[in-house]
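K.L.:
According to TrEMBL:
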| type | residues | note |
| --- | --- | --- |
| DOMAIN | 244-528 | domain 'CN hydrolase' |
| TRANSMEM | 30-48 | transmembrane segment |
| TRANSMEM | 55-73 | transmembrane segment |
| TRANSMEM | 79-109 | transmembrane segment |
| TRANSMEM | 130-154 | transmembrane segment |
| TRANSMEM | 174-196 | transmembrane segment |
| TRANSMEM | 216-235 | transmembrane segment |
| TRANSMEM | 542-559 | transmembrane segment |
Amino acid sequence: MSRILQIFCTLLSTLLIALAIPNEFLKFGSPLIGLFALYPFYIVLASCKSVKETFILCFIHGSVAHLLSSFWLGNFHGFAIFTLGASDLGTGFFEGFFSLAFYFPILFASRFQKLQSSSASFHFEVPFRIFWFSSIYVIWEYCKSTGFLAYPWGTISMTAYEWPLITQIADITGVYGVTFLFALFSAILGEGTLLLGKISNSSDGRNIFDSYRKSCLTAAILFGLTIIYGAYRLATQSSPVKTMNTILVQQNRNPKRENEEEDILLAQRLTQEKLDEYTNSGETCDLVVWSEAVLLKRFPAAELYYRFIPSEKPLIEFISENKTPFIIGGPEVFDNEKHEYGNSALLFNQKGKLSGSYTKMHLVPFAELIPFRKYEPARKLIKKMIGFSYGWTPGKKLVLFEIPLKNSIEPEKDFKIYSLAEHPKASKEKTAFISTPICFDDSAHEVCRGLYLCGSEVFVNITNDSWSKKESSEIQHFVVAHYRSIEYRTTTIRSANAGYTCVIDPTGKILAELPLFEEGALSYKVPIYERKMTIYALYGDWLPWSLIFLAFAYIFLAARQKHQEEVQLSHIKVTLLPHSLEWYELWDSVCENYDRIFAIDWSNWNL
């Protein structure tokens with residue numbers, strides 16, 4: 001394959017990825033395009049002739065796919081040099097690093113392995129290439145999505161939203177099971193294309209075809225089992241054990257706003273309209289949720305400030321008058337002298353008193369979390385470049401909020417209890433344990449899994465993505481977040497400044513929503529389900545870690561085998577004709593031209 005064709009196929013793959021995930025043209029993306037997105041890339045990798053060539057193509061693939069799918073990062077508060085520029089280069093180099101793994105089947109193929117792959121008794125090469133590519137792509141997306149520089153956007157799993165029969169497998173494998181299936185489909189298709197000419201021109205075509213057929217059958221079985229499981233999960237969803245009357249407020253305000261009082265008054269008005277609806281229907285609200293960073297003054301000292309602000313209707317007074325718990329995004333002080341501030345979700349009780357907080361744990365590198373900020377030279381450099389030098393301090397504790405439920409509907413029981421206890425359990429006040437992952441926290445598997453294992457019954461995500469100014473950004477964030485509902489079979493609530501404000505059930509289905517980039521409020525009786533430990537909740541990212549272990553194990557064994565072969569060839573060279581290289585060169589030629597002379601009966605070769 002020519003270099004121009006290699007680059008064309010690589011760019012085609014990046015374009016398919018960008019079209020398959022939610023974008024400005026296809027609101028929720030296209031799973032069908034996602035199935036084929038890696039097909040050109042597979043063919044390109046198979047044509048590579050060196051590590052350098054593979055690195056360049058992987059770099060192009062990673063950086064261009066990131067640029068096309070996350071172009072809206074350039075709108076992040078004027079920090080495009082970091083959020084888009086640095087992240088684009090970083091993604092490109094990171095995937096370039098993985099070129100070694102993608103190139104491994106060629107890099108470690110010794111002469112002996114090539115000789116074997118041409119023989120009629122060897123049927124391993126075809127399925128190995130297919131499943132190796134699928135596994136390495138899963139490992140690549142896992143590494144891309146975890147750690148300090150984690151950015152789980154532009155991933156193949158994001159393309160599958162509109163195929164819930166496939167996405168239900170996430171409660172077993174996480175999103176990586178979906179990635180594996182889609183990468184496997186592309187690899188099967190790519191390998192089939194590469195084998196078309198080889199099968200017709202090879203005397204061993206029947207065996208090669210049989211090996212490929214078995215790979216296709218294995219992939220079909222995996223897809224079939226996934227679809228059957230998905231149908232089962234969708235058909236057997238349990239009933240909620242309690243409900244929580246909730247109001248979600250979407251202000252749709254500019255994140256660089258200058259008049260905080262106007263924004264608070266707007267949120268109050270939108271909230272009051274929904275509170276009045278509950279009152280008119282004879283019910284009460286259990287919880288009001290405003291989005292991330294609505295309040296600008298730092299707590300806990302700011303609690304006194306908001307007793308008087310806004311002057312027209314102070315915030316604390318508004319909360320206490322409505323006698324309803326509020327969750328509002330705002331800053332929190334940890335250490336003023338060290339300039340340590342947290343981006344927090346603040347819990348106000350029915351009397352308007354600050355009762356607790358959760359601080360965002362997964363901060364955006366360079367935009368929210370400034371590296372080396374403890375050092376004065378680094379702070380001066382960062383301040384000169386972007387105008388500030390401290391950023392946020394990540395939270396260190398997992399936090400749950402317990403919310404009283406006034407209107408929860410008891411599930412119907414097919415039995416009755418007569419209790420003589422003074423304080424029977426049946427009379428105990430119902431509550432809900434909720435957690436509040438902030439913004440990109442809901443994309444961090446380690447954060448959400450930790451919150452769920454602590455006892456969270458509902459994820460309440462507050463976010464402010466309005467800076468992106470693009471619908472694709474809002475929907476992409478939602479698609480990433482909706483997998484958390486499936487992974488833990490729990491309800492997720494999203495309260496966003498400009499969208500996507502919605503309620504998601506344990507199958508990933510949207511129960512209620514607000515339009516993007518419009519001010520409004522959503523009231524909904526949020527269903528809360530019995531907590532069950534899914535396989536993913538118990539074992540986390542077991543699939544990528546298993547693939548990492550198997551990949552390293554195979555690399556170790558392959559390297560060991562190659563070393564043994566080199567020792568054997570060296571032994572032949574020394575023991576057969578120690579004073580001449582002629583016979584060794586002949587043996588070398590035999591290995592490389594085995595296809596033409598394989599009919600020789602080596603058992604009669606008497607040196």
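Keep in mind that glycine also has a Cβ here, set from the backbone N, Cα and C atoms.
Help me picture these features in the structure, burial and contacts included.
P.N.:
Here the transmembrane segment (216-235) has long-range neighbours at 127, 130, 164-169, 171-172, 177, 181, 184-185, 188, 192, 507, meaning same-chain residues at least 6 beyond its ends whose C-beta is under 8 angstroms from one of its own.
Using a Cβ-Cβ cut-off under 8 Å and counting only residues 6 or more beyond its ends in the same chain, the transmembrane segment (542-559) has close neighbours at 101, 104, 108, 132, 135-136, 138-139, 142, 173-174, 176-177, 180, 535.
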K.L.:
Given the model, what does the mean pLDDT over the domain 'CN hydrolase' (244-528) come out as?
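P.N.:
A mean pLDDT of 88 is what the model gives the domain 'CN hydrolase' (244-528).
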